[in-house]
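**Student:** OK, Swiss-Prot features for this one:
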TOPO_DOM  1-320  topological domain 'Cytoplasmic'
REGION    1-70  region 'Disordered'
REPEAT    71-101  repeat 'ANK 1'
REPEAT    107-136  repeat 'ANK 2'
REPEAT    141-170  repeat 'ANK 3'
REPEAT    174-203  repeat 'ANK 4'
REPEAT    212-241  repeat 'ANK 5'
REPEAT    245-274  repeat 'ANK 6'
TRANSMEM  321-340  transmembrane segment
TOPO_DOM  341-345  topological domain 'Lumenal'
TRANSMEM  346-363  transmembrane segment
TOPO_DOM  364-383  topological domain 'Cytoplasmic'
TRANSMEM  384-404  transmembrane segment
TOPO_DOM  405-415  topological domain 'Lumenal'
TRANSMEM  416-436  transmembrane segment
TOPO_DOM  437-512  topological domain 'Cytoplasmic'
DOMAIN    469-519  domain 'DHHC'
ACT_SITE  Cys499  active site, S-palmitoyl cysteine intermediate
TRANSMEM  513-533  transmembrane segment
TOPO_DOM  534-569  topological domain 'Lumenal'
TRANSMEM  570-590  transmembrane segment
TOPO_DOM  591-763  topological domain 'Cytoplasmic'
Amino acid sequence: MTSESVTTPLASTLVDKEQAADHNDDSQEDISLGGSNDATSLSSLKAIRSENEDANETGQADRNDDVEEDPLLTRYHTACQKGDLATVKEMIHGKLLEVNKDGDSVEHITGLHWASINNRLSVVDFLVSQGADVNSRAGALHATPLHWAARYGYVYIVDFLLKHGADPTMTDDQGFNLLHLSVNSSNIMLVLYVLFSVVSKGLLDVDCQDPKGRTSLLWAAYQGDSLTVAVLLKFGANIKIADTEGFTPLHWGTVKGQPHVLKYLIQDGADFFQKTDAGKDCFAIAQEMNTVYSLREALIHSGFNNDGYPIKKWFKKSQHAKLVTFLTPFVFLGLAFALFSHVNPLFAIIVLFLLTLATNKGLNKLVLPSYGRMGIHNVTLLRSPLFSGVFFGSLLWVTIVWFFKVMPWTFADEPYTNILLLIVLLLVFYIFGQLVTSDPGCVPEETDHENVRQTISDLLEIGKFDTKNFCIETWARKPLRSRFSSLNNAVVARFDHYCPWIFNDVGLKNHKGFMFFITLMECGILTFFKLCLEYFDELEDSYEDRNQELGKCFILGHSDLCSGLRYDRFVFLVLLWALLQSIWVASLIFVQTFQIFKGMTNSEFNVLMKENKANGADGVSFNENFNTTPEGFAPSIELDEDNNNTVLAPVPGSTLRKPRTCFGVCFTVTGMDQWFAVVKETIGIKDSSGHNIYSITSKIPTNYGWRRNVKDFWLTSDVNAPLWRRILYSPTSSKALLNGTEVDYFKLYKLPVKEAEQGSDMV
């Protein structure tokens, strides 16, 4: 959201501004606000203008034609619009204008109105200090400066005016109060501010209605503003209140057809069979507004079929369905290995393909519907324990074939290697279980409204009240290096990445365990490979004793692998599958090690690469954080803190993703995409935008030199503990090392300062 100057001081300009939300293509004009038209049916739902609004605009245009502008007033209003504080002070102090008589002769629009609608906090501050009336009405809708600022989502102006006597309960001629206008702005930060600073204190009701009976939730649903809908529902907004035409929030949400809005409303218990005064339910509205697909998507996501009836669940508990998903790969892999071991490969491929389709269909139709539905993310196999089940099934088959086939043949010749593999397998099983159930470092959710208000106040004081620094889901301040996780429904401190192989996030408290896990996994695969070669050699000797000659195996020749393919294809296939896994595991170890040396997380590396591509495209930047900090505000903000947080900021285009191909999904799941990015970084290959990636990552704010970075990662902050304990144990609290000092990652709002000599130690 930008502070765009309104340079024409004519009241007719404001009529358009007052009647349209700047940040939404769908303003309140799109819903009838004037007298009801009984002849209007839902089949002709279009932009229905209020008779009163038409009259306001027509009359205003006529009046403006007859008004002779006062050059002095025009200069003053223009200065207020542009934030020219020097000119405003000169005119007020020079007695050229009186601060409470600075409105035009037609609609009495004051300098405070113009400064408010243009986010000119310095001018607003000065005018109020000179006695300007913060509750003066002006414009075609007789709105206050508070209304003008709220309509455009200017949080800092609204905050200042409220602290200096502005009345949040006042309404304009449309009957809109501060909460209605805040919702119309579609700035989630302003909505949160009003909810906690006004509604929570009892000054306004979250379900307050305008003259047409429309609540803030209804407006948000119509605008397709899923963020505001979610916050209002969390604040207790009533989903059953209907307007004067019998429309509930779900009805208007169906008109707009925003799937996320519909999901939130349906999950909160909205009745999709309820009819309007015209006798139409959501299904009829969806047909007429061509939003059937969105409604059906929301219904299926929420556990209903296309007709609105509950989908049959084969499992009473969500955990049982997840357990079936988790164990399915073990059975599937066993069948696949058996097929290729005993039947013709071509026939096995056909059967395996059909089996894959059947398994996918069965999981999607019979198992996934039993999952619990929370939030807006669709439940898919990619967001299920399926991949963690693939790993567990693979590990279990490796253990089975080693214990029952490989070990009996090789223990005599390789006793220590077998014991080593046993230890590694036990450790991998143990750490895997720990990682699946571990807390990655979730920052506690804030539920005390007083604490939330204080957090908002603190962020406003430093000009950082936006979605980058305040979590709109948990209502807590976001620490540096953190990220909100929809899986854990919490902000995860020092968030690294979501790992489908452990069905959990990797963060502050389990990152070190994850590194042990993948390292042991790679060691285990290599040890298993060595024992399998010994096993195949023993098989070859056994068959040679029986005078059975071994033929060539194409590219394998007369190697031990050929013996395995000939004499125990099942074990050979399990080994081949394990070796395939070792490729992406090795690349993951390489990527993670590189990022540890660089002192950054996987999430920070991704953001850095995306930011580079976005900046290299056309140099245009976009505000995705709902930040409305006025120009020149808060000069006391520390530059280091602001710069340190830039690598975590959302980047242009980060929400616009290209369609994923099957190959791309596989690369992402296995982490090979990260491997390619790191290789380019290591050897200094330029990216598609022509930037040298090394020059970008060399400026990472959390890079304190590779030695310091490695120590920060591998050592806990408990300096009194033995060294072995500091290395082997993961952080159990929110405290860890950063640049050699103990920091609380739950409250990390400023990074430790780099020493001058650390610059030469970078990697």
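Positions of Cβ are set from backbone N, Cα and C atoms, glycine also.
Remember, it's a predicted structure, so these values are computed and weren't measured experimentally.
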**Student:** Within the repeat 'ANK 3' (141-170), how many residues are helix, strand or coil going by DSSP?
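**Tutor:** Its residues divide into 16 helix, 1 strand, 13 coil.
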**Student:** Tell me the residue counts in helix, strand and coil for the topological domain 'Cytoplasmic' (364-383), as DSSP assigns them.
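**Tutor:** Final tally across the stretch: 10 helix, 0 strand, 10 coil.
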**Student:** Hey, does the transmembrane segment (384-404) touch the transmembrane segment (513-533), meaning at least 3 C-beta pairs closer than 8 angstroms, sequence gap 6 or more?
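**Tutor:** Judged by the Cβ rule, the two regions touch, with the required three close pairs present.
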**Student:** Checking distant contacts: for the repeat 'ANK 6' (245-274), what same-chain residues at least six beyond its ends satisfy Cβ-Cβ under 8 A?
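**Tutor:** Distal contacts: 26, 31, 36, 45, 212, 215, 217-218, 220-226, 229-230, 233, 239, 281-283, 285-286, 289-291, 294-295, 297-299, 301-302, 304, 308, 373-376.
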**Student:** Short question: most Cβ pairs under 8 Å with the transmembrane segment (384-404), which of 321-340, 416-436, 570-590?
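**Tutor:** It is 321-340 that shares the most Cβ pairs under 8 Å with the transmembrane segment (384-404).
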**Student:** Short question: which residues 6 or more past the ends of the transmembrane segment (416-436) have a Cβ under 8 Å from it?
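**Tutor:** For the transmembrane segment (416-436), the far contacts come to 388, 391-392, 395, 398-399, 402, 407, 410, 502-504, 510, 513-514, 516-517, 520-521, 523-524, 527-528, 530-531, 534.
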**Student:** So for Cys499 (active site, S-palmitoyl cysteine intermediate), how many other CB atoms are inside 10 Å of its CB?
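**Tutor:** Excluding its own Cβ, the number within 10 Å is 24.
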**Student:** Six or more residues out from either end of the transmembrane segment (570-590), which same-chain residues have a Cβ under 8 Å from its Cβ atoms?
**Tutor:** 333, 336-338, 340-341, 391, 394, 397-398, 401, 405-406, 515, 518-519, 521-522, 525-526, 528-529, 532, 535-536, 561, 564, 670-672, 674-675, 678
